[in-house]
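J.: If you scroll down you'll find the structure; I have some questions about it.
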Amino acid sequence: MSKPITVNGNVLVVAEEATSLHARFTNYLYIKGRGAITTEQKRQLASVGVTIFEYIGENTYICRYLPEDLTPIRALDFVEHANVFPNRLKTSPYLDNAIKADEQNATAALYKINVILHKGENATDEFVENLVGVAGIDRNELSVDHNIIQVTATAESIAKIGKLDAVQSIQEFIQNAVHNNLARKDLQVPDGTGTVAGHMYEGSDQIIAVADTGFDLGDENNTHPAFEGRVLALLSEGRSSTSGKKNDFEGHGTHVAGSVLGDGHSKTMGGSIRGTAPKAKLVFQSLSKEQVENQKPQLYTPPNLWDLFITPYESLNARIATNSWGPNWRGAGSRQVPYNSDAGAIDRFMWHHPDHVILFSAGNDGAEPSTTSAHIGGNSAAKNSICVGATESSRGSSNYRYERLPAAGNPQLVAAFSSRGPTFEERLKPDVVAPGVAILSAASRDESVNDIRRNKFGVTDDKLWMFSSGTSMATPLVAGCCAVLREALAKAGLQKPSAALIKALLVNGAVDLHVPREQQGFGRVDLQNSLMSVEKQTDGINGLADSSNNSAMTLEEGEVWLHTITVPQTVTSGFLKVTLAYSDRHGPALQNNLCLKVQVHEVGGDTVIEKRGNEHLRAENNVEQVSCPLSAGSTVVVTVVAERIARLDDSQSFSVVWAVYQL
């Protein structure tokens with residue numbers, strides 16, 4: 001029986017589709033195999049003119065095919081179906097429903113949309129002029145960003161755009177919005193007296209890009225004292241074509257930056273106030289549009305998020321990018337947003353820049369009713385980035401507002417507001433959680449940040465500091481942890497670790513909060529645990545392997561990677577955690593499927609435990625983990641198998657981290 005496939009939010013049941021007579025008017029097909037399509041079978045498809053672009057699930061691929069005749073493809077005995085890519089799959093159901101709801105209006109409604117082109121298609125001047133002519137759109141009303149065209153159009157124009165063969169999908173534009181000292185302790189950030197070699201890691205030599213509302217006064221030469229001497233660049237994104245200002249008139253961006261790398265002191269607020277990477281340097285990208293009186297502030301993000309990441313990466317050497325914003329829940333129709341062009345751009349960037357760590361907040365919609373019982377979507381659903389949810393913190397609070405209470409907060413509890421997973425595609429998100437309630441950090445000194453704004457999440461006795469709550473606060477704390485891990489790896493001799501390795505280290509060290517994975521991901525970040533795999537590699541039972549310095553960790557389809565761990569007789573208790581992570585090609589479905597397996601052999605050689613990393617996952621995931629008890633003298637065999645590599649002659653790099661923790 002043919003299982004349904006979701007394409008751009010639409011359901012495709014291949015067996016129920018009418019058979020296409022030919023491919024005269026299109027260059028794009030979907031091809032379904034009778035089983036998994038092997039490398040040799042992909043080569044046979046290539047021999048008849050097929051180029052595989054994207055895996056969409058259930059042994060089915062979107063492909064490019066220039067000939068008209070489909071017979072050569074259908075003649076291959078492993079092909080179950082070969083049909084043209086239907087135009088009806090191009091427009092999302094949400095956009096279709098919005099158009100239908102507006103059909104009775106006297107005037108034609110306008111919809112802001114993103115038009116995404118098939119791989120290999122370019123938004124050339126010729127194509128754009130053709131789109132303008134066919135759809136009857138004003139050329140000045142659209143913006144072009146690589147293969148994404150953002151335009152405002154009527155329903156009639158959208159229908160015409162959908163008939164253009166180069167168009168793969170038409171997605172509704174969704175406005176992004178922000179996800180609005182004790183935290184260091186909750187995250188087990190080393191302070192020089194910890195259990196891991198007594199090192200004092202503070203993010204030295206690391207450059208972190210923060211994309212948020214704005215930064216303090218917007219002046220590189222007059223910064224909040226918590227950032228003195230460490231601001232490399234302030235970039236205006238939202239106001240670049242108008243005033244060029246970068247100031248923070250909301251207070252969100254400065255607070256976020258402080259949680260990453262602030263380093264300050266307040267006599268009235270408890271002394272030292274530090275982010276998780278207080279020696280790192282800052283590149284800040286101000287996303288706020290111009291401030292308009294009596295209007296809610298808005299963020300600008302480029303139609304193709306690749307453009308947001310490329311300048312800090314190439315020109316300023318940032319290797320971590322933290323983002324505390326995402327789809328506005330009500331603006332998106334109070335529903336979970338599927339994997340979209342934003343998520344695709346993030347995954348594409350990380351595939352092509354494998355050492356760039358990108359983080360996104362999960363969102364603050366956990367208490368909102370959802371037809372899917374989940375919330376995380378859009379950019380937060382990207383496969384390769386680190387999605388961060390929020391727990392409470394050790395600081396006392398009431399309704400997420402700091403109160404001087406005798407009772408401390410509980411960082412073991414996931415905050416009710418923290419958006420839940422899995423993604424619309426049923427992948428596990430968030431990846432991890434971190435404290436996000438009543439977080440004390442830097443306050444913008446901009447005159448617009450008055451006492452009302454500054455005291456919204458708790459009264460502060462020092463105007464340089466303020467409290468705030470949200471996954472927006474949890475995410476930068478984890479970004480600082482990523483900087484600490486990069487610093488530790490550099491000191492251990494690994495200068496250019498992959499983003500997948502950083503994610504694997506975070507996930508492997510995370511502490512299980514004993515709540516569903518949909519709430520906590522793999523658990524609350526514990527930096528001491530994560531550092532064990534870096535600093536205790538010489539003991540044989542803690543370690544890591546990364547494609548950045550090991551060519552054997554790049555697999556073609558069917559290839560296997562093995563690693564053996566011999567447990568010393570001195571290890572009499574504890575449990576082993578092994579985590580696999582890799583940055584996949586972009587696409588809603590997992591393109592390349594690597595699978596983790598762990599076998600534990602007792603001294604006599606018999607297999608006592610065999611576990612797979614995907615046993616408790618709803619869908620294929622590019623992060624897998626196995627946890628199992630150990631006995632002295634046992635042998636552990638870690639296996640990674642490349643079960644599917646979507647494109648012909650492609651390969652997949654990966655990272656594996658392992659450590660033994662005490663029960």
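A Cβ is built for glycine as well, from the same backbone N, Cα and C atoms used for every other residue.
All TrEMBL annotations are machine predictions without curation.
TrEMBL lists these features:
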DOMAIN    203-523  domain 'Peptidase S8/S53'
ACT_SITE  D212  active site, charge relay system
REGION    242-265  region 'Disordered'
ACT_SITE  H252  active site, charge relay system
ACT_SITE  S472  active site, charge relay system
J.: When you measure from the Cβ of H252 (active site, charge relay system), how many other Cβ atoms are you left with inside 10 Å?
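T.: Result for H252 (active site, charge relay system): 28 other Cβ atoms within 10 Å.
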J.: From the Cα of H252 (active site, charge relay system) across to the Cα of S472 (active site, charge relay system), what is the distance in angstrom?
T.: 9
J.: Could you tell me the C-alpha distance between H252 (active site, charge relay system) and D212 (active site, charge relay system) in angstrom, no decimals?
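T.: Pair distance, Cα basis, whole Å: 7 Å.
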J.: Mean pLDDT over the domain 'Peptidase S8/S53' (203-523): what is the value?
T.: 92
J.: Within 10 Å of the Cβ of S472 (active site, charge relay system), how many other Cβ atoms are there?
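T.: Neighbour count, Cβ to Cβ under the 10 Å cut-off: 30.
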J.: Show which residues of the chain containing D212 (active site, charge relay system), separated from it by at least 6 in sequence, have their CB under 8 Å from its CB.
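T.: The list for D212 (active site, charge relay system) reads V178, D248, H252, G253, V256, A257, F284, Q285, S286, L287, N323, S324, W325, given in order along the sequence.
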